[in-house]
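TrEMBL has this to say about the protein:
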| type | residues | note |
| --- | --- | --- |
| REPEAT | 105-138 | repeat 'WD' |
| REPEAT | 147-190 | repeat 'WD' |
| REPEAT | 191-231 | repeat 'WD' |
| REPEAT | 377-418 | repeat 'WD' |
| REPEAT | 422-464 | repeat 'WD' |
| REPEAT | 481-513 | repeat 'WD' |
| REPEAT | 523-564 | repeat 'WD' |
| REPEAT | 565-606 | repeat 'WD' |
| REPEAT | 607-639 | repeat 'WD' |
| DOMAIN | 660-720 | domain 'U3 small nucleolar RNA-associated protein 13 C-terminal' |
Amino acid sequence: VNRRSARVSVSFPSSYAVSRRIEPFYKGGRVQLNRDGKFMFCPCGTRLNIIDVETGALQSLQQDEQEDITSFVLSPDDEILVTGSRALLLKQWSWRENQCVRTWKAVHTAPVASMAFDATSTLLATGGCDSTIKIWDMIKQYCTHNLKGSSGVVHLVEFHPDASRLQLFSSSIDYKIRIWDLNSSKCVAALDGHFSAVTSLAFADGNTLVSSGRDKICMVWDLKSRESKRTIPVYESVESVVLLPAKGDFSQLGVKKEGLHFVTAGSKGILKVWEGATAACVYSQPVPFQLKEEASEHSLTQCMLVPERKEIVTVSVEHNIVLYDAQTLQLRKQLTGYNDEVLDVKFLGAGDSHIVVATNSPQLKVFELATSHCQILYGHTETILALDVFRKGLMFVSCAKDKSLRVWRMNREGRVSCVAQGLGHAHGVGAVACSRMKETFIVTSSQDCTIKIWNIPESLTSKAKAALLSSPETLHAKVTERGHDKDINSVAVSPNDKLIATGSQDRLAKLWSSADCSLLGVFSGHKRGIWCVQFSPVDQILATSSADGTLKLWGLRDFSCLKTFEGHDASVLKIIFVSRGTQLLSSGSDGLLKLWTIKTNECVKTLDAHEDKIWGLHLNKQDDMVVTASSDSCIALWKDVTEIEEKEAQAKEEEQIIKEQELSNLLHEKRYLKALGLAISLDRPHTVLTVVKAILKESDGRKHLEENIVRLRKDQKGLLQMVLRAKIFQVRGFQTSLTLVSLFAERHFQRLSRLLQASMFIDFMWQNMRLADVPQQEDMTL
């Protein structure tokens, strides 16, 4: 009896809600930080995203017109933010309140390519694709200058830091640096020395300028004589130059004496420190990856100094934003602006504190959920296709199109390193699974239709020994078996490590012994290729999902199909068991998640948070949070909100009962005016009509009714639409129309009341029938 009552009281999760999203916030362009370095401004299509650097929290400024932002700038005092778009409009934002306070025409005939404020935050310069530069007075709100004479796109504008000089520096596709005198509105000099695009300008003092270019040189200019003082070859295409402050200890960066020192960032993907006097490179950042000469995928596009935080910030072509300690160039934090298509995701860490993400690239990304800090793991040479994590959560495996697998380990500080790699497959490795009980073996499957089992040596599982490894160990497959006739899409290991399941494009799932990879049985029944296989954590059951839109449960003893779940309108790409094996969660190629209760074969919830195929789906150890990853570049963290929703529903029901009792009391006491508002809030049209008729019968009833209607909200007035129309008819003298409407409404509501009573009786009978049937079902299961 106790067992039966315990089973009846089991409450299954019925809903998940997105608790957090990791989505693209930067897709290229210039990035800027505010003065204290707490907020970062990143353009992303039609939006400008503002990122809290500490937490990763995101705020978006969304334009009304659906046109991409081409340029933006934040004033030195952090008060004024201006954006320019392809719609040829400039917008001024109060960014802390997320409000656009002013919009005006840019006057340019082509989009604005660059912007800059002067030191006083009162003048704004805009460089356009139409070869002109406009100067705007932000206080008086008008255009003060229209500077002509540049060639092509003006991609760089900078005011001289001394505001009293009223000088503007610009560069366009003729590779010259023009100096504009704003008093005369004329170009007073053109600094000619670069042979490719000038990418950045840095002012050392009032009379010294450092420029960088894609011609692999930096130039130091004397602004008095307007001549070049020194040309420094830097041997890479430079996108940004930053001057090191005169004050501060930069000895760890090779700065041994006073004088001009600057940092360059460019096509080699690393920071270098140069001494201006000797043109020597005094420090070069260690290379964190297999560097190819001028490897475009690792290039840096921007470099900034944040003096208040003593940080240097870099932006890469891959949309990674890295914060370094300015005095040591030690990495402090890394943010990823764009993930591309996400192919897999898994929880990582002893307390599921991180997630590891495989995107459409050879690098892995490990996100710390508390801070959004991202580690980028280099090792694979082609796109990573799948991931799996061992039970403890500190060691995981990746496999890729480069025909290899790699084993990674996370240390106590959260740093991840590669500890082993395995080669042997003839084609890309598309699926991987780890042993469940102990860290003893790995199973991989490939487009070459084979399954391989890899033993893990003790040197990897022992933390002490693993710490001594200087380079990744080489793994060798102990067993190789041709498993299917077509690509193998999925592989899984049973909870006791004795069985292996595979699912293939040949529409078959197969069961194998993990000891010798011998075939134990075949599961046949799907009409199209199988995308995913999963073992139940509590029963001898295998779950499969297919491109035919169905999920199936199979018995491991006789290989028969026990249940089929239908409901997806597209391919079912991933499945996992949740709620201690009593429910299934499935993801589809249409971007939908479905939650299924196994006992009833019922889909209890459909969840929609993605716009494309959901390739990644994983459950945390506590069984209360799910992570999903999709081709739409978004990663969503879902929390079980069943209990919260039940409490909210219960509170709402209790509130409803109290209000109904109060309404009944008010009607009994004939306090109709107060009862009117309550009847509307309870959505009781019939009661509202009755109350209105009662009010109209009172002396001055019409006056009081009109006064109350004025005070109603817009949505409440909607419910009174019929009564209001009747009121208008009556005021205009349409007594006949009013009578007809009133009679029709009264008869209509009486019929609805009878139907409601009948439906409640049917529902009551149905609930009693279900309750009477539950003990019999439980007796059968017992």
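Indices start at 1 and increase along the chain as displayed.
Any Cβ shown, glycine's included, is placed from N, Cα and C.
For the repeat 'WD' (422-464), the partner stretch with the most Cβ pairs below 8 Å, chosen from 105-138, 147-190, 191-231, 481-513, 607-639, is 481-513.
Of the candidate ranges 147-190, 191-231, 523-564, 565-606, 607-639, 147-190 has the most C-beta pairs within less than 8 angstroms of the repeat 'WD' (105-138). Note on the repeat 'WD' (523-564): residues 486, 489-495, 499, 501-511, 570-577, 580-582, 584, 586, 588, 596, 598, 601 of its chain, located 6 or more positions outside it, place their CB under 8 angstroms from a CB of the stretch. Per-residue pLDDT, averaged across the repeat 'WD' (565-606), gives 93.
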